[in-house]
Amino acid sequence: MATLTTTQTSPSLLGGVVIIGGTIIGAGMFSLPVVMSGAWFFWSMAALIFTWFCMLHSGLMILEANLNYRIGSSFDTITKDLLGKGWNVVNGISIAFVLYILTYAYISASGSILHHTFAEMSLNVPARAAGFGFALLVAFVVWLSTKAVSRMTAIVLGAKVITFFLTFGSLLGHVQPATLFNVAESNASYAPYLLMTLPFCLASFGYHGNVPSLMKYYGKDPKTIVKCLVYGTLMALALYTIWLLATMGNIPRPEFIGIAEKGGNIDVLVQALSGVLNSRSLDLLLVVFSNFAVASSFLGVTLGLFDYLADLFGFDDSAVGRLKTALLTFAPPVVGGLLFPNGFLYAIGYAGLAATIWAAIVPALLARASRKRFGSPKFRVWGGKPMIALILVFGVGNALVHILSSFNLLPVYQ
């Protein structure tokens with residue numbers, strides 16, 4: 001397995017776009033209609049667009065700092081050098097927590113949707129066993145190489161996009177304006193539930209662990225990597241918009257309360273959509289799409305965790321070194337998935353809390369420190385100090401929202 005560095009033939013732009021897009025657009029999107037049902041469609045779209053803007057720029061700030069270090073340097077190296085040991089420990093804990101808990105969430109989600117898929121074929125496969133088997137398959141692909149993940153993600157994302165448009169093209173045809181505009185509730189309030197959506201929005205635009213992986217893939221080519229981040233995140237925003245239209249235009253707002261009470265996992269939402277549409281072919285497409293959605297996100301997130309742990313522990317890129325990294329990457333979340341198979345919605349929410357440190361606060365601090373030391377000779381994010389301040393406020397604000405929510409100090413749609 002060769003280390004990926006800049007070569008005479010540069011990898012295609014599409015490979016990087018699908019790594020970013022595939023990481024973002026995955027199982028996390030299934031939580032959005034459930035947690036956004038209180039704020040409903042238009043307020044939720046405002047939250048998504050604002051979050052997309054902030055998360056894109058925080059990723060660009062990571063790139064700005066990363067370009068001043070050797071290819072293969074991950075957050076551990078960069079944060080320790082620019083911000084010191086204290087911030088490095090805090091950042092390291094938040095990275096490990098986010099990536100581990102997202103890996104656990106996708107094991108939970110894969111077990112749930114595979115159990116539902118096998119049930120459609122009259123096969124009884126327990127969710128725990130299905131999630132465990134799927135995790136082993138993903139572990140093998142990640143162990144092979146970054147290029148293997150890129151190629152597999154490209155295949156899965158391609159299949160996911162095809163099934164997405166087949167499924168949601170049909171779903172959009174069933175959208176009821178009265179349902180989307182929530183005509184049935186004449187005195188409904190939406191704005192009070194807006195803050196609750198922000199940590200989930202943040203978790204649904206998580207790709208930051210893959211920025212160092214892209215530098216490994218393309219070398220120090222900021223122009224190409226910036227395009228990967230912009231196109232990948234825009235792809236996610238577009239598909240989230242279609243997803244919210246398709247779900248909130250078909251499932252009445254009050255029905256989401258029952259979906260949330262059942263844990264909000266993928267199979268519950270798929271069953272709710274199937275019940276509304278009463279279409280066997282659409283039901284099958286939904287199930288197929290759900291499987292591809294989990295697979296692409298699972299691959300991207302675990303690649304980020306894999307590269308971070310390899311850098312942290314100094315494991316080399318040999319078969320044995322990658323095996324050690326793979327064991328550290330997958331063993332803890334697999335155990336969690338076997339013990340607690342239904343924690344998807346809770347895991348996504350807590351990932352949003354920890355991700356505020358790693359995906360918003362620390363990137364802004366890295367950009368500021370990098371400019372002071374290096375002057376950002378290769379690439380600089382536009383906006384100057386005000387942009388850094390905005391990303392910091394965004395991160396701290398998200399953390400406060402989640403803490404207030406944990407103590408039941410924010411209104412909940414129920």
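Heads up, the Cβ atoms here are built off N, Cα and C, so glycines get one too.
Residues or ranges marked as topological domain 'Cytoplasmic' in Swiss-Prot (evidence: experimental evidence): 1-15 (among others).
Annotation source Swiss-Prot lists transmembrane segment at 16-36 (among others), citing sequence analysis.
If you look at the topological domain 'Periplasmic' (37-41), the same-chain residues 6 or more away from its ends with a CB under 8 A from one of its CBs are 47, 180, 182, 188, 190-194, 196-197, 244-245, 248-249, 253, 256-257, 260, 411-413. According to Swiss-Prot, the topological domain 'Periplasmic' annotation covers 37-41 (among others).
Outside the transmembrane segment (42-62), and at least 6 residues removed from its termini, the chain residues within Cβ reach (under 8 Å) are 32, 36, 75, 190-191, 193-194, 197-198, 201-202, 204-208, 211-212, 226, 229-230, 233-234, 236-237, 240-241, 244, 359-360, 363-364, 366-367, 381, 383, 387-388, 390-391, 394-395. Look at Swiss-Prot and you will find 42-62 (among others) tagged as transmembrane segment, backed by sequence analysis.
Sequence-distant contacts of the topological domain 'Cytoplasmic' (63-88) (same chain, six or more residues past either end, CB-CB distance under 8 Å): 3, 5-6, 95, 209, 211-212, 215-216, 219-220, 222, 225-226, 229, 307-308, 310-312, 358, 362-363, 365-367, 369-371, 373-374, 376-381. Swiss-Prot lists 63-88 (among others) with the feature topological domain 'Cytoplasmic'.
The annotation transmembrane segment is assigned in Swiss-Prot to 89-109 (among others) on the grounds of sequence analysis. Same-chain neighbours of the transmembrane segment (89-109): 26-28, 30, 75-76, 79, 83, 131-132, 134-135, 203, 206, 209, 265-266, 294, 297-298, 301-302, 304-305, 308, 312, 329-330, 332-334, 336-337, 340-344, 347-348, 350-351, 354-355, 357-359, 362, counting only residues six or more beyond its ends whose CB sits under 8 Å from a CB of the stretch.
Here Swiss-Prot flags 110-128 (among others) as topological domain 'Periplasmic'. In the predicted structure, the topological domain 'Periplasmic' (110-128) carries a mean pLDDT of 82.
Annotated transmembrane segment per Swiss-Prot: 129-149 (among others), in sequence order, evidence recorded as sequence analysis. Within the same chain, residues 1-2, 4, 11, 19, 107-108, 110-112, 114-115, 118, 213, 216-217, 294-295, 298-300, 302-303, 306-307, 322-323, 325-326, 329-330, 333-334, 337-338, 341 sit at least 6 positions outside the transmembrane segment (129-149) and bring their C-beta atoms closer than 8 Å to a C-beta of that stretch.
Summarising the annotation, Swiss-Prot assigns transmembrane segment to 152-172 (among others). Taking Cβ pairs closer than 8 Å, the transmembrane segment (152-172) reaches residues 14-15, 18-19, 21-22, 25, 141, 239, 242-243, 245-247, 249-250, 273, 277, 279, 282, 285-286, 288-289, 292-293, 295-296, 299-300 in its own chain, all 6 or more past its ends.
Residues of the same chain lying 6 or more positions beyond the ends of the topological domain 'Periplasmic' (173-193) and with a Cβ under 8 Å from any Cβ of it are 38-43, 245-246, 248-254, 276-277, 411-413. Per Swiss-Prot, topological domain 'Periplasmic' is recorded for 173-193 (among others), and the stated evidence type is experimental evidence.
Swiss-Prot lists 194-214 (among others) with the feature transmembrane segment.
Taken from Swiss-Prot, the feature topological domain 'Cytoplasmic' applies to 215-228 (among others), supported by experimental evidence. Look at the topological domain 'Cytoplasmic' (215-228): DSSP puts its residues at 11 helix, 0 strand, 3 coil.
Under the heading transmembrane segment, Swiss-Prot lists 229-249 (among others), citing sequence analysis as support.
The annotation topological domain 'Periplasmic' is assigned in Swiss-Prot to 250-285 (among others) on the grounds of experimental evidence.
Cβ atoms under 8 Å from those of the transmembrane segment (286-306) belong to residues 19-20, 22-30, 96, 99-100, 102-103, 106-107, 109-110, 113-114, 116-117, 120, 134, 138-139, 141-142, 146, 149, 152-153, 156-157, 159-160, 163-164, 167, 206-210, 213, 266, 270, 273-274, 325-326, 329-330 of the same chain, restricted to positions at least 6 beyond its ends. Residues or ranges marked as transmembrane segment by Swiss-Prot: 286-306 (among others).
If one looks beyond the topological domain 'Cytoplasmic' (307-325) by at least 6 residues along the same chain, the residues whose Cβ comes under 8 Å of a Cβ in the stretch are 1-3, 72-77, 92, 95-96, 99, 143, 146, 209, 212-213, 216. Look at Swiss-Prot and you will find 307-325 (among others) tagged as topological domain 'Cytoplasmic', backed by experimental evidence.
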The transmembrane segment (347-367) versus listed stretches 16-36, 194-214, 229-249: most Cβ pairs under 8 Å: 194-214
Seg_contact(the transmembrane segment (229-249), the transmembrane segment (16-36)) with at least 3 CB pairs under 8 angstroms, min sep 6: yes
Within the topological domain 'Cytoplasmic' (63-88), residues counted as helix, strand or coil by DSSP: 17 helix, 0 strand, 9 coil
Tertiary contacts of the transmembrane segment (194-214), as residues 6+ beyond its ends and Cβ separation under 8 Å: 16, 19-20, 23-24, 28-29, 31-32, 35-36, 38-39, 43-44, 46-48, 51-52, 55-56, 58-59, 62-63, 66, 72-75, 95, 98-99, 102, 146, 225, 228-229, 232-233, 236, 240, 300-301, 303-305, 307-308, 311, 348-349, 351-353, 355-356, 358-360, 363, 397-398, 401-402, 404-405, 410-413
